[in-house]
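S.K.: Okay, handing you the structure first.
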Amino acid sequence: IKIMVERDPIKTSFEKWANPGHFSRTLAKGDPETTTWIWNLHADAHDFDSHTEDLEEISRKIFSAHFGQLAIIFIWLSGMYFHGARFSNYEAWLADPTHIKPSAQVVWPIVGQEILNGDVGGGFRGIQITSGFFPIWRASGITSELQLYCTAIGGLIFAALMLFAGWFHYHKAAPKLSWFQVESMLNHHLAGLLGLGSLSWAGHQVHVSLPINQLLDAGVDPKEIPLPHEFILNRDLLIQLYPSFSKGLTPFFTLNWSEYSEILTFRGGLNPITGGLWLTDIVHHHLAIAVIFLIAGHMYKTNWGIGHSIQEILEAHKGPFTGEGHKGLYEILTTSWHAQLALNLAILGSLTIVVAHHMYSMPPYPYLAIDYGTQLSLFTHHMWIGGFVIIGAAAHAAIFLVRDYDSTTSYNNLFDRVLRHRDAIISHLNWTCIFLGFHSFGLYIHNDTMSALGRPQDMFSDTAIQLQPIFAQWLQNTHVTAPRFTAPAATASTSFTWGGNDLVTVGTKVALLPIPLGTADFLVHHIHAFTIHVTVLILLKGVLFARSSRLIPDKANLGFRFPCDGPGRGGTCQVSAWDHVFLGLFWMYNAISVVIFHFSWKMQSDVWGNISTQGVVTHITGGNFAQSSVTINGWLRDFLWAQASQVIQSYGSALSAYGLFFLGAHFVWAFSLMFLFSGRGYWQELIESIVWAHNKLKVAPAIQPRALSIVQGRAVGVAH
C-alpha cells in the first residue's frame with residue numbers, strides 16, 4: 001500500500017489571520033479601496049476555487065473543512081443534550097408523556113408562565129419545545145437527565161476530536177491528490193457510514209433501547225429501570241425480557257434465524273401504547289440495511305483489484321440512440337468536486353423530502369404522533385432543508401459547467417447531447433409550466449366563480465363534479481391489501497395512512513388514521529406539480545445555459561455570477577447562473593409554502609383531533625378541507641385567515657409572547673427590506689454627500705464607502 005500523505009505541508013500559524021485577506025488574490029495585492037471588500041470576503045471565504053488553482057490544495061481544504069463541519073454538528077448536538085439535562089422537564093415528561101408537554105428552555109419568573117404556553121404540566125416553568133428530541137431520547141433508552149449530561153459531554157469530546165482531525169489532516173498529514181479516489185470513497189461511505197453506522201445503531205437498539213422501552217411501555221417507573229450499561233453487561237436482565245437471548249449467537253450461525261423473531265419483527269403499523277413504529281420493526285430494518293450496505297461497501301474496485309470498475313460500467317452503458325453513452329462521465333466525477341457535490345445534493349435533498357413525508361405517516365418515535373406542534377415543525381423543517389439542498393444541487397451543477405467542464409472529454413456523450421438539445425428541453429418544460437399553471441389555477445378560478453354565483457352543483461368538488469385522484473387511491477388501496485400477499489406475518493400495512501379502518505389513539509388524541517384523498521387533494525396536487533416544474537425550469541435553464549447562450553455566447557468567461565454583460569448591451573442583466581439560483585430559490589419557496597399549507601390544513605382537518613369516551617373523533621378544524629380548499633377564497637378564509645387570526649389575537653392569551661415576537665420579527669424584516677427597495681443609486685448619492693462632509697472635516701476614511709453591487713443587493717434580498 002502506497003503512502004498517500006504528505007507530512008507537515010503547511011505550518012500552523014496565527015500570523016496569517018492578522019494578514020487581511022490571506023485567501024483573496026485582490027486583497028493580497030494591497031489594502032482595499034472600497035467597502036465592497038467586506039462583501040467579497042463573505043462571498044469568497046469558502047470558495048476554495050478562487051483561492052488557488054491547485055486541485056490537491058482545494059481537495060485538502062474541502063476534506064479538513066468537513067471535519068470542522070462535523071465538529072460544529074457535535075457542538076450543536078451537545079448543546080441540545082445539555083439543555084435537556086440542565087433546563088428540561090424530561091423526567092416528568094417520561095413519566096407522563098400524554099399530559100406533560102416537552103420543555104427545555106426555562107424562562108425568568110419575571111416573564112411569567114401565563115404568556116408562555118400557559119401551563120406545560122407538572123408545574124414546570126418553561127417554553128414548550130417542538131424539536132422532537134424527547135421522543136428520540138425515549139426511543140434510544142435515555143431514562144434520566146444524568147444520562148443526557150454524559151451524552152452532552154461525549155458530544156463535546158467528539159467535537160474536539162473532529163477539530164483535531166481537521167487540523168491534523170491539513171497541517172500535519174495532508175492527503176495527496178491520488179488518495180481521493182471515487183471508488184474508495186464510495187466503499188468507505190457505504191460500508192462505514194451506512195453499513196457500520198446502521199449496525200451499531202441496531203446493536204444499541206437491541207441491547208439498550210428495546211428492554212428499556214419494553215419496561216417503560218409496561219408502566220415501570222423510569223427510576224427503577226436498570227441503567228443502559230447493566231443491560232449490556234448483564235445478559236440475564238435481557239433474558240428475562242427476551243428469552244431468545246439465552247441462545248446467544250448459535251441461531252445466527254446455524255441459520256435458525258426465526259429464533260430471533262421476538263426482537264426482529266415484521267409487524268407493520270404502530271405500537272398502540274406510544275403511537276410510534278414498533279421498535280422491534282425498526283431494529284429489524286437497521287439490521288437489514290447494515291447487511292445490504294456492508295456488502296455494497298465491497299463492490300467497487302480499488303487498488304485491491306477486485307470488484308466493479310465504475311469507469312468500465314459507465315463506458316459500457318450505450319444505447320442505440322445515445323451516441324457515446326456514458327463515456328467521459330467518469331472523468332467528470334473524478335476531476336470536479338462540484339459535479340460530485342451536485343449529484344449528491346440532488347439525491348440528499350430528495351431523500352430529505354421523503355423523510356418529511358415519513359415522519360407523520362410512519363412516526364418513528366414514541367409519542368411523536370400526538371405532539372402536533374412537533375409534527376408540523378418536523379415536516380416544515382425537512383421540507384425546507386430538502387428544498388435548499390436541491391437548489392444547492394443546481395448551483396453546484398452550474399459552477400461545475402462554468403469552472404470544471406471540459407468539452408473535449410465529453411464529445412457526443414449523453415451529457416454533451418443534453419447540452420446540445422437544451423432548447424428543446426427548456427421549451428418543452430416551459431410549455432409544461434404554462435399548461436400546468438393555467439389548468440390548475442383555472443380549476444380554482446372556475447370554482448370561485450361558481451361559488452360566487454351560487455352554483456355549487458357546477459363546482460369541482462367531492463359533492464358536485466368529482467375529480468377523484470384515482471391513481472393515488474389505487475396506490476393507497478394496493479398498500480392496504482399488499483401485506484396479506486407479500487408479508488403474511490405482518491399484522492398491518494406499512495402505514496395506517498394508506499386506508500383500512502385502523503385508528504390509533506394515544507390518551508385522548510389521535511395519533512394516526514387513514515387519510516382519504518379526494519377532489520381537493522387532486523386540485524392542490526396540480527398546484528404542487530406546477531410550482532415544482534417552474535422551479536425545475538429555472539434551475540435547469542441556469543445549468544444548461546451556464547456556459548453560453550444565444551444572448552451571451554461567451555458566458556463561461558464571465559464566470560458563475562456577474563451583474564450584466566458590460567455597458568452598452570442592454571437586456572443582459574441577471575442572466576448569470578447565479579441569478580438563476582436566486583430566482584430558483586424564490587420558486588422553491590413558493591412550492592414549499594403550498595406543500596406546508598396543504599399538509600397543515602389536511603392534517604388538522606382529516607387526521608389530528610380528540611376522541612371521546614364513546615369513540616367519536618373530533619378533528620381540529622372539523623374536516624373542512626375537502627369542501628373549503630377547492631376555492632382560492634376557501635384557502636384565504638378558512639385556512640390563512642382562520643389560522644392567522646389566532647396569532648393576531650394571541651396578545652391576550654397564553655401565547656402572547658410568541659405573538660409579540662412574531663410581530664417584532666416582521667418589523668425587523670420590513671425595516672431592512674425598506675433599504676433594499678429604495679435603490680442603489682439613492683444610497684450611493686447619499687453616501688457620497690456624507691463622504692464629502694467627512695472630507696471637509698478631514699476625517700475621511702481610507703476605504704471609500706460604496707453601495708451594494710447588483711449581485712450583493714440580490715444576495716441580501718434573497719436572504720429576506
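Glycine residues also receive a Cβ, built from the backbone N, Cα and C atoms like all the rest.
These figures come from a predicted structure and were not determined experimentally.
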S.K.: With Swiss-Prot as the source, which of 91-96, 175-180, 253-258, 715-720 is set down as transmembrane segment?
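M.R.: Transmembrane segment, as annotated by Swiss-Prot, spans 715-720.
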S.K.: Would you identify the secondary structure of Tyr682 (chlorophyll a binding site) according to DSSP, in three states?
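M.R.: It is helical.
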S.K.: With a Cβ cut-off under 8 Å, give me the same-chain residues at least six positions beyond the ends of the transmembrane segment (62-85) that come close to it.
M.R.: 46, 48, 104-105, 131, 133-134, 137, 145-146, 148-149, 151-156, 158-160, 162-163, 165-167, 169-170, 175, 180, 337
S.K.: With the cut-off set at 10 Å between Cβ atoms, which of these binding-site residues ends up with the most neighbours? Options: Cys564, Cys573, Met674.
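M.R.: Selected residue: Cys564.
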S.K.: Find, for the listed binding-site residues Tyr682, Trp683, the residue with the lowest Cβ contact count at a 10 Å cut-off, counting only other Cβ atoms.
M.R.: Tyr682
S.K.: Give me the CA-CA distance between Trp683 (phylloquinone binding site) and Met674 (chlorophyll a binding site), in Å, as a whole number.
M.R.: 12
S.K.: Same-chain Cβ contacts of the transmembrane segment (580-601) under 8 Å, 6 or more residues past its ends?
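M.R.: Same-chain contacts beyond the flanks: 360, 376, 379-380, 383-384, 387-388, 390-391, 394-395, 398, 521, 524, 527-528, 531-532, 534-535, 538-539, 541-543, 621, 625, 629, 635, 639-640, 643, 714-715, 718.
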S.K.: For the transmembrane segment (715-720), I need the partner stretch with the highest count of C-beta pairs below 8 angstroms, choosing only from 186-210, 337-360, 655-677.
M.R.: 655-677
